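*Asks:* One structure, as structure tokens, below. Some questions next.
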Amino acid sequence: MIGMIITATISVALIMVLLVLAGTFTWVERRLLGFVQERYGPNRVGPFGSLQWVADTVKILTKEDRPPPGADKLLYILAPAVAATPVLAGFGVVAIGDGWALSSVDVGLLFLLGMLGLTAYAAVLGAWASNNRFSLLGGMRAAAQMLAYEVFLGLSLMGVVMIAGSFSMAEIVEAQRGVWFVVLQPLGMALFTIAGIAAAHRLPFDLPESENDLIAGFITEYTGMSFGLFFLGEYLAVLLVSALAVTLFFGGWLGPWLPGPVWFGLKTAVIAVAFVWIRATLPRPRYDQLLSFAWKVALPLSLLNLMLTGIVVVARSAS
């Protein structure tokens with residue numbers, strides 16, 4: 001009983017920390033975008049606008065939130081929760097230090113990939129429930145995009161699994177004590193980065209909610225806290241993909257002098273900022289180009305990477 005209470009307390013604390021980190025990340029992103037676009041960005045609420053996300057949260061909480069006419073109310077309300085909850089659950093298996101994980105399971109990587117994949121259901125549910133043609137188009141795009149990119153997202157990580165010999169996040173990190181896997185798996189890292197951006201629906205792969213041609217895609221009819229939960233899920237997904245990249249390719253918590261969790265946080269912050277930089281600099285492709293790249297280029301490359309890694313692993317074990 002006491003153990004359950006402790007676990008529940010730690011879980012609630014972790015969720016609160018993640019919510020604060022997601023809010024802070026929105027401010028960091030807006031400041032960086034302002035810098036790239038030669039403008040100030042948020043600078044009114046708090047030092048350098050650092051509390052702007054708090055003001056935005058209050059604004060969202062006080063806005064009216066009701067389904068549009070003709071909407072499926074149950075699915076309309078359920079979709080935003082599906083957008084944020086699986087991502088929060090995914091952080092439960094992320095180890096930020098030696099023994100610093102809410103749940104250490106042998107198949108942590110598979111669990112995390114499954115949680116990332118569930119976010120596509122939120123887009124489809126929200127699109128269908130909204131009774132809006134633009135929302136429906138955005139939901140169809142989200143489903144097709146996730147189907148295409150989830151395949152080579154998993155395949156791009158199988159090289160790491162083959163080298164480490166485990167799906168456990170902690171064991172994968174420990175296997176990088178000699179050399180980080182980004183050195184051994186540069187192609188896998190590049191493919192994972194592309195797939196991770198697509199899985200999080202981030203620019204330049206935000207086609208399911210493309211403002212230029214779909215108004216706001218599957219979130220067109222959402223307002224208030226329902227919109228906020230979709231927004232929260234997107235930014236948490238970026239942080240989760242960044243943490244996963246650090247764990248699988250950049251040595252996780254390994255590093256000299258500083259404590260492991262500090263190293264993990266610094267590395268994750270660098271990767272997250274890199275995602276913002278990609279958003280600020282790269283144009284959005286056409287939707288057919290996005291899917292063609294996934295099936296005709298990325299998938300064959302991920303299979304090639306898997307085959308070459310298998311040959312090397314077998315050759316090393318034989319010698």
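Placement of Cβ uses the backbone N, Cα and C atoms for every residue, glycine included.
Not measured: the values here are computed from a predicted model.
Pulled from Swiss-Prot, these are the listed features:
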| type | residues | note |
| --- | --- | --- |
| TRANSMEM | 1-21 | transmembrane segment |
| TRANSMEM | 77-97 | transmembrane segment |
| TRANSMEM | 107-127 | transmembrane segment |
| TRANSMEM | 147-167 | transmembrane segment |
| TRANSMEM | 179-199 | transmembrane segment |
| TRANSMEM | 214-234 | transmembrane segment |
| TRANSMEM | 238-258 | transmembrane segment |
| TRANSMEM | 262-282 | transmembrane segment |
| TRANSMEM | 293-313 | transmembrane segment |
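For the listed features, I'd like the structural context: burial, neighbours, distances.
*Replies:* With a cut-off of 8 Å between Cβ atoms, the residues of this chain six or more beyond the transmembrane segment (107-127) that come close are 75-76, 78-80, 82-83, 86-87, 89-90, 93-95, 101, 135-140, 142-143, 145-147, 150, 153-154, 157, 161, 167-170, 172, 199, 201, 208, 217-219, 222, 230, 233, 237, 240-241, 244, 248.
Within the chain carrying the transmembrane segment (179-199), a Cβ under 8 angstroms from the stretch's Cβ atoms is held by residues 116-117, 119, 145-146, 148-150, 152-153, 155-157, 159-160, 163-164, 172, 205, 237, 241, 244-245, 248-251, 275, 278, 290, 294, 298, 301-302, 304-305, 309, all 6 or more beyond its ends.
Long-range contacts of the transmembrane segment (262-282) within the same chain: residues 25, 28-29, 32-33, 36-37, 96-97, 197, 200, 202-204, 238-239, 241-243, 245-246, 250-255, each at least 6 residues beyond the stretch ends and with a Cβ under 8 Å from a Cβ of the stretch.
With a cut-off of 8 Å between Cβ atoms, the residues of this chain six or more beyond the transmembrane segment (293-313) that come close are 145, 148-149, 151-152, 155-156, 158-159, 162-163, 185, 187-188, 191, 194-195, 198, 285.
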*Asks:* Out of 1-21, 77-97, 214-234, 238-258, which stretch touches the transmembrane segment (147-167) the most, going by CB pairs under 8 Å?
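*Replies:* Looking only at 1-21, 77-97, 214-234, 238-258, the most contacts with the transmembrane segment (147-167) come from 238-258.
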*Asks:* Please report, as numbers and ranges, the same-chain residues at least 6 past the borders of the transmembrane segment (238-258) whose CB is under 8 Å from any CB of it.
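*Replies:* Same-chain contacts beyond the flanks: 18, 21-22, 25, 87, 90-91, 94-98, 100, 109, 112, 116, 157, 160, 169, 172-173, 176-177, 180-182, 185, 188-189, 192-193, 196-197, 199-200, 202, 264, 266-269, 271-272, 275.
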*Asks:* Should anything in the same chain at least six residues away from the transmembrane segment (77-97) have a Cβ under 8 Å from its Cβ atoms, list it; otherwise answer none.
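*Replies:* Residues packing against the transmembrane segment (77-97) from afar: 11, 14-15, 18, 67, 103-105, 108, 111-112, 115-116, 118-119, 121-123, 125-126, 129, 169-170, 173, 222, 225-230, 232-234, 236-237, 240, 243-244, 247, 252-253, 259-261, 264-265.
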